[in-house]
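Listed features, source Swiss-Prot:
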- 1-20: signal peptide (SIGNAL)
- 21-477: topological domain 'Extracellular' (TOPO_DOM)
- Asn32: N-linked glycosylation site (CARBOHYD)
- Asn80: N-linked glycosylation site (CARBOHYD)
- Asn89: N-linked glycosylation site (CARBOHYD)
- Asn156: N-linked glycosylation site (CARBOHYD)
- Asn171: N-linked glycosylation site (CARBOHYD)
- Asn175: N-linked glycosylation site (CARBOHYD)
- Asn202: N-linked glycosylation site (CARBOHYD)
- Asn240: N-linked glycosylation site (CARBOHYD)
- Asn259: N-linked glycosylation site (CARBOHYD)
- Asn311: N-linked glycosylation site (CARBOHYD)
- Asn362: N-linked glycosylation site (CARBOHYD)
- Asn433: N-linked glycosylation site (CARBOHYD)
- 478-498: transmembrane segment (TRANSMEM)
- 499-526: topological domain 'Cytoplasmic' (TOPO_DOM)
Amino acid sequence: MWILIYLFIIWSSLRTWVTAVDSTTTVGDDLNETVSASVWPTMSPQMTVAFRSQRDVMGNLTIDQLPYVGLNLRRVLLNNETSMVNEGNNTRLLTLFKSMLSSEANAFVLDLEQYNNDLRVVDTTLLFSDVLTALQSFIFSTQNNLYANIIVLLLNISAPELDSTEYRHQNQTLNTTYILDKNLGNSFIYKPTDLQSDRAKNNTWNIYGKSSIDGWPTLGSVLYEQKKRLVIGELTDFFNETTAPYIFPHDVFHYEQGNSTLDCPSTVEGLTDLSSIHWRFLDSLFNSVDIKEYISCGLSPIISNSAYVNNVTQLADIIHEGSVWSWDSDQPSVTQSTSKSGSSSGTLEAYNCVLLYYFANNETVTWRVGNCYNSNIGLCRYENMAFRWLVRSNKATYFDFDSYQGSKCPDQYSFNIPRSPLEQRSFIAYMRNSSFSDTQIWIDLNSISVSNCWVSGGPYASCPYEKVISRRNFVTMMVPASVCSFALLCIVVYLSVLRVPIYDNRKNWRRVINKISKSELEGVPS
């Protein structure tokens, strides 16, 4: 019995310790996880952290202003020049498509044609339902705060060669709602009715602020509150609101092919005017150099490089260059710790804060991890104005620049960060007009609470993915359990070693009992 109690005490102590250790696990532990298929090059742990941190920084941007990097599937994969298509290997095509979804690409142009009251991918034997099933599988596997992101699916519909009466009849009998419901599920789709509802609730914004007329919801609202993952739009004029209520019409999107008619803005006024245009896509040929320039000009590139048609994985480098518009090539490091350490000179080090490096000679910027205890100037933004910046000349550590005691930013300004390529472009314009030389500037991004979890909101912002227990809280939690376990263990040892007096004098006690028994009368009293 005592052995069982002792084992229970040990088990309870170990369980408490394991629970505490598990709760201190950082986001870095999931860096080796992947939802990618083996066909497409998987993102490295560093790339995963960089891409996720960008997504989180853009959480308060509206979904129509996000920088998307996309693929024209007919040009790069689903066409009759591709060996897999010629072989009729639909399984490999779908596997490759799913692995593309796991890459940094988050917009896709898909060419469809009507086929026996159904939709089929042009130049293949794939049905639209097959693509939707693969898309559903990917969404299910990434439906969490770590991996979730918005996907844009743009449809080019080829009309059948029929007269107007037959065309109108087939268009009306094609039930796209049924196809989407059966193979994908409408709960993941952000629909036109959802946009109407958000605008009615005043939950939409444009560049000037809240707008119930032409505003769109933020990325954070769509992903985390509404749990939506997919926006479907049509680039042709095949459907209408009645035949395809889940699909946004073509006039919602600014979609161009070849060369862009939009100028690359260099002033605040030009940036504001460009931001008033929703969903800016450019379908063209790109390389790893010019795609970054198009991204910085506020366009979302759709890659149509047919030269890679038989080795589509070569596009991974181009997609990578377009997707990461913020961090430097070797950043952020995923091996740093949030603990304070002292260097040989006796100074504190904590490489968990982000510096924006501005290079005046070529007017470029990049983000790098820096020591939070170093003194640098910081970046401030004016209220909710997306393109109005101020760099403070007084230097401070990251902890002192924006602390509980107050911010180094002046009134009506707040410690901030460029949240998009356009905002970063406006910052470059500010630095150029202010004649700054090469400069390192604190921005509102750090991983102080949890390693590899980069968050905004000052030095005391918490990681949304992980509950953090500090060493002090860990000791506070463990001490009572340890003391109680030790006390119970002492009692068990004491009772197992020492005998109670009645047990030690058992023979004497039996002699006394026998003597008393002899003096008792036997029989029944008369």
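Just so it is clear, glycine is given a Cβ too, placed from its N, Cα and C backbone atoms.
Across the glycosylation sites listed here (Asn156, Asn259), the residue whose Cβ sits among the most other Cβ atoms within 10 Å is Asn156. Cα of Asn202 (N-linked glycosylation site) to Cα of Asn259 (N-linked glycosylation site): a span of 36 Å.
Reduced to three states, the DSSP call for Asn240 (N-linked glycosylation site) is coil. Averaged across the topological domain 'Cytoplasmic' (499-526), pLDDT in this predicted model comes to 62. Looking only at Cα atoms, Asn156 (N-linked glycosylation site) sits nearest to Asn240 among the glycosylation sites Asn240, Asn259, Asn311, Asn362, Asn433. Minimal Cβ crowding within 10 Å, among the glycosylation sites Asn240, Asn362, is found at Asn362. All protein chains considered, the CB of Asn202 (N-linked glycosylation site) has 11 other CB atoms within 10 Å.
Taking only the Cα positions, the spacing between Asn89 (N-linked glycosylation site) and Asn311 (N-linked glycosylation site) is 15 angstrom. Of the listed glycosylation sites, namely Asn175, Asn433, the sparsest CB environment within 10 A is found at Asn433. Neighbour counts of Cβ atoms within 10 Å were compared for the glycosylation sites Asn89, Asn311, and the top value is held by Asn89. Asn259 (N-linked glycosylation site) sits 25 Å from Asn362 (N-linked glycosylation site), taking the CA atoms of both as reference points.
DSSP assigns Asn433 (N-linked glycosylation site) to a helix in the three-state reduction.
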